[in-house]
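Below: one structure, written as C-alpha cells.
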Amino acid sequence: MPINIPTHLPAKQVLESEHIFVMDESRAFHQDIRPQKIIILNLMPKKIQTETQLLRLLGNSPLQVHFTFLIPSTHTPKNTAREHLDEFYTTFSNIRHKRFDGMIITGAPIEHLAFEEVSYWEELKEIMEWSKTNVTSTLHICWGAQAGLYYHYGVEKIQMPKKIFGVFEHTVLSKHERLVRGFDELYYVPHSRHTDINMEQLQAVPELNILTASKEAGVCLIVSKDEKQVFLTGHPEYDTNTLLQEYERDLERNLSTVEAPKHYFAKGSNEPVNRWKAHATLLFMNWLNYYVYQETPYEWD
C-alpha cells in the first residue's frame, strides 16, 4: 500500500523517483481503506529534507498511511519558506481535538539549551501530554527523545565532553521485543549530538526498557512497557550524506572542536558508506505495524 501525501509536497517527486508508491489525497479518498494516521511534529531546521527522510522510511509499509505535518505555533522557522509551511503544516490548536494512530517528534539543534529555555517548550509539553490520550504510540528522535524522557519520566540530559558524531555499532539487548524483531545482533545507527541521557536516572525508571545500546554512543532505543512511548537517540532516518553535510557545515564555521564523523567513510576514502538503511527501514516498519496498526482500534471512541 502507498503513503498518502499532498500532491505538491516536494518529497513526492523524490520518493516516486525511488519507486516508492505514493498516492495523493484525492486518489486515496476513493479507496475503501482506513489509513493509518501519522502526525509528524517537525522541529528540524531543514523541514523538506526531514519530510523526505521520514516518508521514505515509512513508504515501504503494506499499510496505507496518511500524514499530517505539525509545527509549534510559538516558534517561527527560519530555514523553510512561509509558503511551504502554510500549505503543508498545521498547528496544535487545529488538531488537538483529533486522534492519531502514531506520532513522530523529530530532533532539533537546540541541545545546548535547557529544556525550559526552549521558546516552544510549554507548547511541546502540552503536545506530549495530549499524545498520552490521543495517540496510540509516539516515536521521539534524538533531541525529541531527550525532551520526551525529561517530560514523561524526569530523565535529564547531560553535556558530553566531545560530540557523539558518526555511525556506531549497536547491540540488541532485548531480543524478544517486537520493535527489534528481525534485527541482527549488531547493527548501525548514525548519531550527531553533544548531549546524552543520564543513565542513572534512566535505569531507575521501572516503566522503561532499554532495547539497544552502543559501547561508543550509549543507549539508543528505549521503549515504555506499554509501548506508547518510544525514544530513539540516534538518527536512522539520515540520508547517506547528511553527516557529511553537518561536518562540512561545522568546518565552515571554524569550530575548533570539529572532528570527522567516526566509522562513516569507506576505508582509505572520503566517500561515506550507508550501513544503516535496512535496519532503519525495519525499525520504522516494526513500529508502524506492531505499536501503531495492531494496537489501534478501527474506530476510536
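Placement of Cβ uses the backbone N, Cα and C atoms for every residue, glycine included.
Fair warning: this is a prediction, and the values are worked out from it, not measured in the lab.
Here is what Swiss-Prot records for this protein:
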SITE      E111  site 'Important for acyl-CoA specificity'
ACT_SITE  C142  active site, acyl-thioester intermediate
BINDING   K163, S192, R249  substrate binding site
SITE      S192  site 'Important for substrate specificity'
ACT_SITE  H235  active site, proton acceptor
ACT_SITE  E237  active site
Check K163 (substrate binding site) against DSSP and tell me helix, strand or coil, would you?
strand
Taking each of K163, E237, R249 in turn, which of these recorded positions have a Cα lying within 10 angstroms of the Cα of C142 (active site, acyl-thioester intermediate)?
none
All-chain count of other Cβ atoms within 10 Å of the residue listed as 'active site':
29
Check each residue in the chain of S192 (substrate binding site) that is at least six apart in sequence and keep those whose C-beta is under 8 Å from its C-beta; list them in sequence order.
C142, K163, I164, F165, H235, Y238, L243, E246, P261
In whole Å, note down how far the CA of R249 (substrate binding site) lies from the CA of E111 (site 'Important for acyl-CoA specificity').
17
Can you tell me whether DSSP puts R249 (substrate binding site) in helix, strand or coil?
helix
What whole-number value in Å do you get for the largest C-alpha pair distance within K163, S192, R249, the residues recorded as binding substrate?
15
Lowest local Cβ density (other Cβ within 10 Å) among recorded positions: K163, H235, R249:
R249
List the residues in the vicinity of the substrate site, defined as same-chain residues other than K163, S192, R249 with C-beta within 8 angstroms of the site's C-beta centre.
F165, R193, L243, E246, Y247, D250, P261
Check the DSSP secondary structure of E111 (site 'Important for acyl-CoA specificity'), expressed as helix, strand or coil.
coil
C142 (active site, acyl-thioester intermediate) has its Cβ surrounded, within 10 angstroms, by a count of other Cβ atoms equal to 27
Tell me the Cα distance separating E237 (active site) from R249 (substrate binding site), rounded to the nearest angstrom.
19
